[in-house]
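Notes follow the structure.
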Amino acid sequence: MTATATASPLRTGLSDGLAVMSRNLLKLKHQPGQIVATFAFPLVSVVLFGYVFGSAIPIPGGGNYREYLMPGLFVMSTVFGVMGALTVIAKDNGLGVMDRYRSMPMARSAVPFGQTAADLVIAAGSLVIMAACGLLFGWRAHNGIGATLAGFGLLLLLQYAVSWLGVFLGSLAKNEETAARIGPLIMPVTMISNIFVPTDGMPAILQAIADWNPVSAATAACRELFGNPGLPAGDVAWPIANPVLATVGWCVLLLAVFVPLSIRRFRTAGL
Amino acid sequence: MGKHTGDAVVVAEGLRKRFGQTQALDGLDLTVPAGQVYGLLGPNGAGKSTSVRVFATLTRPDEGRATVAGHDVVREAGAVRREIGLAGQHAALDEQLTGRENLRIFGRLFHLGTKRARERADELLERFDLAHAADRLVKTYSGGMRRRLDLISSLIVSPTVLFLDEPTTGLDPRSRNEIWDTVRDLVGQGTTVLLTTQYLDEADQLAHNIAVIDTGKVIASGTPDELKARIGGRIDVTVGDAAEIPDAARALAVLADTGTEPDVDADRRLLSVPVGADSLALPDIVRQLDQAGVKAVDVGIRRPTLDEVFLTLTGKPTTTTTEEAAR
């Protein structure tokens, strides 16, 4: 007990976060179906979107549609990662185990930090599988190892940011059912973007929304870093012209808002 | 932070807590001496769980103050959490993990370190006879096993005070006995236990002291014997021949509380009379009836039920009884 009292708050906070992370990953281990679903999504989307849409959509300036599509699919699977945190946190809300955590001498912020860390591990695995599928179907990263790693690093940063959004939304939801209803709302966010089609063919209002959609900036950033086709030329909206900077900015903004909000909710929960 | 027997280890003064329209706690005062089992007895909605949640730092009181092991539950919540264990009627476990994994994670969150957490999990599973099920997912456990795992989860670091919120509600008698044995064992090692229950029987079996609570405050407290003496019990006698009813009634009137006439159900040849609970033993009753020449076919001392406790203490039936009667 004395050791507990004297250990630095940061160290105990970190070890608490790691404990919660292993709890969430262990849970996944016992649900093979969940693992298959998590990792099948990339495979199915590459085949579905790559070949179904790819057969009909011409790329500006030519190029392979699957080369155009892959960065967008990376972003899409990353953004859908919001559902992981949302579902788990909402489900935990209704469980007695959260009461036990709150009555223990652990850092209350360990639950959101552990959850987002577990999400990051799962997302990394998912990106590896997706990249392997992409390579199999003709996608390549052309700008060397540094830019490629930067691209995946950016995707993981985006994943971390949307995870915190998920944690916050999950902490608002009373149960799993409410959380499941939020799921379909993510679809339009990924569709009104440059993931599947160039935005310049869209009606003006929709194009403005799509251009300022963080999803578009992230997609454009990945295209830039991986050297894939579809980079806009000429007079385009600022986030599309400076996609890497814009994506980092969006992530910082999301984290700055939702990390403190989520931690606050976990500190005061039930009081 | 003395652990000497007799020191107050949980103290509540004028606790009030309101949830919307419901006044869950309405000026609750409580003093729990160290080293014993203290029973909080009351019906559903009396405020038992809310008071435990306040002591366990899960809920903040609107008014009043409470200390656990000398620490204020609001201002020194962190210090309180290092001294307590909590187990309840809703097993606070991860259903999708095995029993062993649950204990290991809790051990790490108690800052035992990964290695020590593993050892502690194995020790507890062995000692509390759950080793055979340790590697099964908790969702496959029976109600009794869950409750036992939940209880030992609160023992990973020996707590100064253990809060047990209705630990046996809904359990079969065998599982209930196992939980009781564990609780006795813990108190033998110096842990103070605050136990909430709806069952007078449970409080009687386990608690050294009992507080009866209703509508958010304590309405009576004392040792089980003191309370039972206030509440009393009943003697039920069934006679073989309806003609013996008057004789039996006279015999019982002697045994009964002064001035109480036995209730007589002539159809079932049943006589029933309230008595001070510990004033009588079965042989005395049989002897008394025998001397009156009554051939009783059935004689029983009925212990007071919680409803009778409430009827006696508050002059009104418990809310649960009213609901059940309305159904």
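Every residue, even glycine, has its Cβ placed from backbone N, Cα and C.
Automated prediction, rather than curation, is the source of TrEMBL annotations.
What you see is a predicted model, and the numbers here were worked out from it, not measured in a lab.
Feature list (source: TrEMBL):
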type	residues	note
DOMAIN	A:33-269	domain 'ABC transmembrane type-2'
TRANSMEM	A:35-57	transmembrane segment
TRANSMEM	A:69-90	transmembrane segment
TRANSMEM	A:111-139	transmembrane segment
TRANSMEM	A:145-167	transmembrane segment
TRANSMEM	A:240-263	transmembrane segment
Taking the transmembrane segment (A:35-57) as the first stretch and the transmembrane segment (A:240-263) as the second, find out whether 3 or more Cβ pairs fall under 8 Å, excluding pairs closer than 6 in sequence. no
Please give the sequence-distant neighbours of the transmembrane segment (A:111-139): residues at least 6 beyond its ends with Cβ less than 8 Å from one of its Cβ atoms. 13, 16-21, 23-25, 28, 38-39, 41-43, 46-47, 50, 64, 66-67, 70, 73-74, 77-78, 81, 84-85, 88-89, 92, 98, 101, 152, 155-156, 159-160, 163-164, 166-167, 171, 228, 259, 262-263, 266
Which residues of the same chain, at least 6 past either end of the transmembrane segment (A:240-263), have a Cβ under 8 Å from a Cβ in it? 108-109, 112, 150, 154, 157-158, 160-162, 164-165, 167-168, 171, 194, 199, 211, 214, 216-221, 223-225, 232
The transmembrane segment (A:145-167): which same-chain residues, six or more beyond its ends, come within Cβ distance under 8 Å? 71, 74-75, 78-79, 81-86, 89, 112, 115-116, 119-120, 123-124, 127, 131, 214, 218, 221-222, 225-227, 244, 247-248, 250-252, 254-255, 258-259, 262
